[in-house]
Amino acid sequence: MSTPLADPASAQFATNPPRELPTRRGTELVLLAFATFIVTIALVLVEANQEQELTSSIIWLGLSYLGVLTAAHLAVRRWAPYADPVILPCVALLNGLGLVMIHRIDLALAERAIQQGKEYTPDVTKQVLFTAISLVLFVVVLVVISDHRTLTRYGYICGLVGIVALALPAVLPSSLSEVNGAKVWIKLPFFSIQPGEFAKILLMIFFASFLVTKRDLFMVAGKKIAGVELPRARDLGPILIAAAACLGVLVFEKDLGTSLLFFGVTLVMLYVATERIIWVVLGVGFFAAGAIIAYNLFTHVQQRVRNWIDPLATYDDAGGGYQVAQGLFGLGTGGVGGTGLGAGRPDMVPEAKTDFITTAIGEELGFIGLAAMLMLYLILAMRGMRSALAVRDTFGKLLGGGLSFALVMQIFVVVGGVTNLIPNTGITAPFLSRGGSSLLANYILVALLLRISDAARKPAARPKPQQPQAPLAEAHTVMVQRPSANGEGSAS
Amino acid sequence: MNTPLRKVGIAMLVMVVLLLANATYIQVVKADDYRTDSRNLRVLYEEYSRQRGLIVTPDGSALAKVDPSNDKYKFIRTYADGPMYAPVTGYYSINYGSGGLERSEDDVLNGSDPRLFVRRLSDMVTGRDPRGGNVKLTINPAVQKAAYDLMTQKGYTGSVVAMEPKTGRILAMVSTPSYDPNKLASHVGKEQIAAWGQWRDDPKKPMLNRAISETYPPGSTAKLIVTAAALEDGKTPDMPVNTAPNVKLPGTQTTLENYGGAACKGSTLKEALRYSCNVPFAELAGELGKEKLNATAKNFGVGEDLTVPMRVAGSTLGPLDSKAALFQSAIGQRDVRLTPIQDALLSATIANNGMAMKPQLVQSLLAPNLSTIEDYKPSELTGDAAMSSANAAILRDMMLASEENTKGAGKRGDIQIASKTGTAEHGNDPKNTPPHAWYTGFAPAMDPKIAVSVIVESGGNRGLEATGGTVAAEIGRAAVNAMLGGG
């Protein structure tokens, strides 16, 4: 553990021998190679089971995936050298499996199209393109946001842009915003985006920066009603307005899944900031009331609930449990071990490439594969949460906690929905599902998590080597240090 | 803030555990329910990729086999002489499931039969693709071809069933018009859909297996049951009968008359059967009563649950709840309904000294390597004879006389057939609807090798003038000749 960089002169002032924290970038590279290996094997299995000719192109595909990831890895090495080494490999594996699964369903749908004498354009090429774009954006975020604390300056702007982005599809005419009944799109001439995916991150930045500045007010100021201390309306105002706005927008857009996601994340961030469970209790209470009202007002909510109680009973209804039932059939057929990659029939489930891609994994890789996938998400989110715990600024803690929780919340809503644990609401599985917006947004999310983890693991005193490292001063230094100073220091 | 963050971390853990628990419930506990749900087409699709077993004739030629295909199903089902054998093989379709033998013997053909378990296990270990077992039929291709060719050549709608009287083995099962199961097995979706739609909408119902799934009024062939019951009751072939051209139905103003309203040309029971007079049999049935008729009919198989192994539609004499009903039922009208295979059983039972044998279409089930899994042994249908062998011999002689009196083509001096014809009225306006033409018999009369039944719906090409003799007899004789006379 001794390090050649340790300055013998300064060592006498340190209570602990100065040591260089390992960056663990080597670990990351090995894990990335491992992820690529698994993805390549998965691709080989699909091709073999689908009776495609095994060609050397698979190896090239595997190598190019490794190449793209190596570029991302090098970017992390350069711009976030102390970032958590497990996060990127987890994402690489999930994204790779998603690509293989989309390719696999493409093959099945293409064959069906040939039988019916129709044309079919595979989705996977587009998704590969989006992966590349996402990784570029990922690097851009790492470079531009050299310190996550700079984001606090743009909290309100983020909030405003987020709400506008979220509300835009609801305001736009259906011809520009509706795809398959969900009014959550902005359709541009060459591509479409789901602004809600990006609003998710913008709003989390807003909540985090807002709560950091106001958390003291939440905890002390305000009246006490029935033993509960409530903050003053003017302190709570912006957050209530923001929350109400997103929920309202989402109800009008009929996007229940995203609404559930926003709600959960807002509640968790509020709880972390105030350290009071009463917020969760109040929130759940509001949610229950809102759910009951929504159930009574909207027929599509009632239908969802009926489908949830027994998807097989409403199998034949219009808007009934057909889709969920097909997903359950797939999961049941897969059983514990799965049918094998490329040997199942996941294409029989409608929307198998987007919302129901997790049932495709459950069918072909079985419970074992599905559980492994859930564990990957859990590891990813837990590494994020660890970074949030370790990072020294409250904004970083709040944002890191929120982003980590958002990952698990998304997977809970989508997997819970397709496995009938909760009513099914359309939402994408991060990194797995087809869809550019979701992929881009989640890569940005991960870039932010990496930035926070880098800040958490970066040795705080390194920027100014001349200054003796006084043990107790260390923590306080971070609190008063200006963000820009830290950023310059690490870049030098 | 670390305390709440840790708690959120625990909440995240709990959420994933919830998902895992639910996934366990679905993929482990409820997996079988979902997998086998009739709406889950995956298992079905899986089967289409398996090398399905063959359906072969006794001489080993395949009626249904699989050819390799270059699509994802790996194999395509093909049928030799599809339309001729469709009532026997049935169909096997990705869109429409299976029918006929393909369905009844599905477990063996797709390899999931428990008796193939050890082999499946070894397939799994050796990595060999699982294969289905084979089904060997009792069908005699010569008889099937002769009957089918003549039926289609004449453009008849109807059915021919032939069986071996001593064993119940089905030698031919023809239903016309027929369909080509190859089109339903096609992997081209459009072709399947077009074929299915066309046959479903065809008023002639080509996919109906008339031999076992349709019941008809049997007309005068039902007199065999009445005669058997009468002989068992102690009547003799020489007993005098009423030669009047008609008789009033008891309790009504309606009369029942002989064919063409003529007086009966003979005055004994034997002569009555020979000339197929109606009045004597009506009176005989009235005298015998419901119980005796039903008892005899039951031992001919009427009302028995038959599977060959396809399910056979139920035959019945009807409720027989009045004397008038007995009168009319005696000549195979009113509520009497027989399937063609049941009609063939009448002749087969007489030919087999009064004992009905269970009809069977499957000779044996074979493993993929052609070793035998199960050999079907002939078995008695009810265990009770429909009549004594002495009475069966008397009835045989009466049928020989009937055959002598029956016109129609196909008679050969060297083959002695015992037979009975039938001409059955049906429809809402029976007198102006072409009747169904029946012919049932067996040969050689003294050492029966084949029993046959023919029905030609609605008079074939003879319209109102059709009789069993002029329309159906020729086809029945062609089937017999194919079996015994080399064509």
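Any Cβ shown, glycine's included, is placed from N, Cα and C.
Some features that TrEMBL has for this protein:
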- A:1-20: region 'Disordered' (REGION)
- A:29-46: transmembrane segment (TRANSMEM)
- A:58-76: transmembrane segment (TRANSMEM)
- A:83-102: transmembrane segment (TRANSMEM)
- A:128-145: transmembrane segment (TRANSMEM)
- A:154-172: transmembrane segment (TRANSMEM)
- A:192-212: transmembrane segment (TRANSMEM)
- A:233-250: transmembrane segment (TRANSMEM)
- A:278-298: transmembrane segment (TRANSMEM)
- A:365-382: transmembrane segment (TRANSMEM)
- A:394-419: transmembrane segment (TRANSMEM)
- A:431-452: transmembrane segment (TRANSMEM)
- A:459-492: region 'Disordered' (REGION)
- A:483-492: compositional bias 'Polar residues' (COMPBIAS)
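Counting C-beta pairs under 8 angstroms (sequence separation of 6 or more), the transmembrane segment (A:394-419) fails to reach the transmembrane segment (A:278-298), with fewer than 3 such pairs.
Counting residues 6+ beyond its ends, the transmembrane segment (A:154-172) has Cβ neighbours under 8 Å at 183-186, 195-196, 198-203, 205-210, 238, 242, 245-246, 249-250, 252-253 in the same chain. With Cβ pairs under 8 Å as the measure, the transmembrane segment (A:431-452) is packed most heavily against A:83-102, out of A:29-46, A:58-76, A:83-102, A:192-212, A:278-298.
Per-stretch counts of Cβ pairs under 8 Å to the transmembrane segment (A:58-76) identify A:29-46 as the leading one among A:29-46, A:83-102, A:192-212. Residues of the same chain lying 6 or more positions beyond the ends of the transmembrane segment (A:83-102) and with a Cβ under 8 Å from any Cβ of it are 24-25, 27-28, 31-32, 34-36, 38-39, 42-43, 46, 65, 69, 72-73, 76, 123-124, 127-128, 131, 341, 346, 353, 357, 360-361, 364, 373, 376-377, 379-380, 383-384, 386-387, 429-434, 439, 443, 446, 449-451, 453-454, 457.
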